[in-house]
């Protein structure tokens, strides 16, 4: 809409006219009533301002007796309404109906219409529901006044249904009735119920009738129509309607269309535009309570964009309350929207008494369902705070129902009801409500609570050690909590991370994904570090030291948990730093609060630190920590147990067994102690194939029978014993094989029992996989189990078993990879692993016929022998590999071996023969003595001779090959020299070509310079000739006054003063044309066509664009040029333009000039082209013609 009209701004940015009159502004302060007396009528003045009578009986009697007109009754009633005494006004008009019962119908129509409006006014002020303290018969609710207003409209319609003022009143009545109808319980939040939609359509029809009857001038009807669009959710149409009202009545402020414009902008998402409209409304009417409270809500919306910890939040929030909300409340403390808004403020301030009062007022007085919902929600929050669970639940449900409930409703109320369910320990009901809420909208608070509830289900099952499957709850908890975590990263939502969410995620990830759990704890750590006040932070230290110093301010539990995860990931140095920092944090916690008992924390963290020292090999430091723990708590069995284990590792034959025996005797019922004693027996016992004589087996059996039949360590140990015995059993006969299978089945039975008690027991699962490989040769199933175990169990045994399995299925590369991984697990000098590597490299070498693989096998076998030289079977392995190398070397062709390798194999064969002889003489050889001696004899007799022949053949082959190699080398060198020579010659030829090109280019440049100099000289001569010719022509012009003129030329007086200028222009033109064609003279001058302008003929148009530019067909025809010039220089009688135009100057040709004219042949070049010095007449005339064209333009 236009910003100004007739020099005055409209109502948007300030209007020049006076504002629209306010309500009741036309009611006088007093009226006079003529009263008939004996002495004649007298005027009785009736006050209608603040002194108006409270009881209208006397006044009504006076008006009845004097038969006052309808207008008098109306003025009195409006006076009472102005003083906010609508009930008295209704009473006055009711008596007026009786007094005017026999009067004109129009008078009664006016009274009934006024009564209707007064009832509608009372409806806005009446309570929505009956107050608790009021009797039902005395209650005057909104429904009561709507019915009364309807009754008045019906009575008026019986008199005259088409009475125009009734249309507007009926439309407002329908609007009020629609606002009081309950919202639809189905569909989306923006969908309107069918009943309410019908009511709004009826209201729209009434407003249309009002507009039609007023010729489209009824502003209130236009406002009503805009309000109908708004209530229907048609916000663009409503905005357009409000703007139309403002265009027609820019001064109107009560009601103010700017309020409606702002509300439409708000609903359309343009909140800043809404603020501008409301601010303008407040400027025009500083006492507008609606504008104030709406601006307060806008400012509260701005404050919600910042966290409460943000320094900008307090100022914005204070502005919303102090500058807008409180002034609106002072103007009208019964406005429902203001009551609900300021009630929320008192709720945040914990002013619960005022919350109750304001919420009740908002509920009772509003005719908007959303405001009633806000009131119920305030009451629910207040009761929730006071732990009145039943009332809070009731009010939450009412707040939800006020906005539609079910699929619609009020989201905060639904969430509050779910919280109440949690407090009532109805967790299933809470989860059901939250799931349903999240189907409507994804809100972070609901996801956090629901994820926490599912996480608690998982934690409870873990604590109670229930066998119930909680994988579904675990998945849901992770889904919801991760969604919350992802929402923190959205800058639009401006959410602050919650440490409780991260801690729950860390606990959920702890078992299956420890790395993710650690990352969650590290994020919590960073949040805690960010919250440390600056005054507590140390100054002037480096960044690494600063973080270590700040960590001492963190909770020690957090640091301890992070250290445990680092320990499990075998990052021992980082774990050690965290445990040490956690101990320092315990000290600071104790210093800050003496009432906190940190002893348990210090004990646990110290034990973890000692375990880290053990893992790093710092056994002395670990012993000191364990001994320190025992000094503080001498009954700390775990510390004693670790000291015994360290002693057993250091001295397995002396101090270690003594400490273990002492520990076992001091606490034989402790399962941890019995487990350590079992491990000691497994290392110290004498091996036997009779399982009943096995000491370790008897110990496990005693533990299971007398202490704990579900001891998982004992069950796994029993399975390992049965597995080991089955592995050593004979399998010669079917009976032996059956017994062996039964032993494996018994071992699997123990492992299965352990897995039933602990499904994550990796050692029991590994035992089952070993049984599958050794008994049933089920390698794929075993590989699947081993691979899964490797993800959780960081032990060398897993990699060894994987290496065995891959070796059996001939995947030697993977077997080597797993054996080497086992070596890296602090087992670098384990002879068994080294022997396994020697075996797998031997098998790979035989498969690939690779000497290098055989050599690698020999290296690993020799390393195993170095570690355990007393083990005779390791010596046998070395000799066996040497024999295999000799056999392979002999079978390889000469091209695939070298003389050094054959000689080394012969040397190894001699060592193998000697080793076999020694092994055969030993008391306990690994194989039968005769077999070993036979192998030694075969090497001594057969293989030695074979290798001797192989050495001789290899030497001959290499000698011949050396000669051939030398010859090939010489030939290659000759070829290389030839190629280099050819390359050199090619380079020289290329250089010669480049030199010739450079010389030719230089000659061309010199020729060009000479040519340019020649052309410059010619140009200079031409310019001199032109100058002389012009000078000569100037003299002849003075002598030719009496000469005859050519046809079509003007007299000398017409051309006086023009020839000179034309000559100058011709000279300039010729000079320019000459300079543009420097190569036009002599034989080298290029042939070119001339372009000239056609003269304006008598048929030429008056526009210059009509002129044509044509190419001359002749290269240099002076006669034709003259004819063309003569035609162009005609008198122009045939031109359409009647205005005389200046003629071009015509040159007079005398006889002397004709005699002295230069012959064309003398000035033409060899190609027949005429040089630029010929036909000066043409040049002059062309120049004159251009001048004429310039003037016409």
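Each residue, glycine too, has its Cβ placed from N, Cα and C.
Because TrEMBL annotations are produced automatically, they should be read as predictions rather than curated entries.
Model, not experiment: these values are computed from the prediction.
Quick look at what TrEMBL annotates:
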- 955-994: compositional bias 'Basic and acidic residues' (COMPBIAS)
- 1015-1033: compositional bias 'Basic and acidic residues' (COMPBIAS)
- 1034-1047: compositional bias 'Basic residues' (COMPBIAS)
- 1055-1067: compositional bias 'Basic and acidic residues' (COMPBIAS)
- 1069-1080: compositional bias 'Polar residues' (COMPBIAS)
- 1087-1102: compositional bias 'Basic residues' (COMPBIAS)
- 1108-1125: compositional bias 'Acidic residues' (COMPBIAS)
- 1150-1160: compositional bias 'Acidic residues' (COMPBIAS)
- 1164-1181: compositional bias 'Polar residues' (COMPBIAS)
- 1183-1193: compositional bias 'Basic and acidic residues' (COMPBIAS)
- 952-994: region 'Disordered' (REGION)
- 1015-1193: region 'Disordered' (REGION)
- 219-252: repeat 'TPR' (REPEAT)
- 255-288: repeat 'TPR' (REPEAT)
- 796-829: repeat 'TPR' (REPEAT)
Structural state census, the region 'Disordered' (952-994) (DSSP three-state)
43 helix, 0 strand, 0 coil
The repeat 'TPR' (219-252), counted residue by residue under DSSP: helix, strand, coil:
27 helix, 0 strand, 7 coil
Can you name the far-off residues of the same chain, 6+ from the ends of the region 'Disordered' (952-994), with a Cβ under 8 Å from a Cβ of it?
894-895, 897-899, 902
Just to confirm my parser: what is the rounded mean pLDDT across the repeat 'TPR' (219-252)?
93
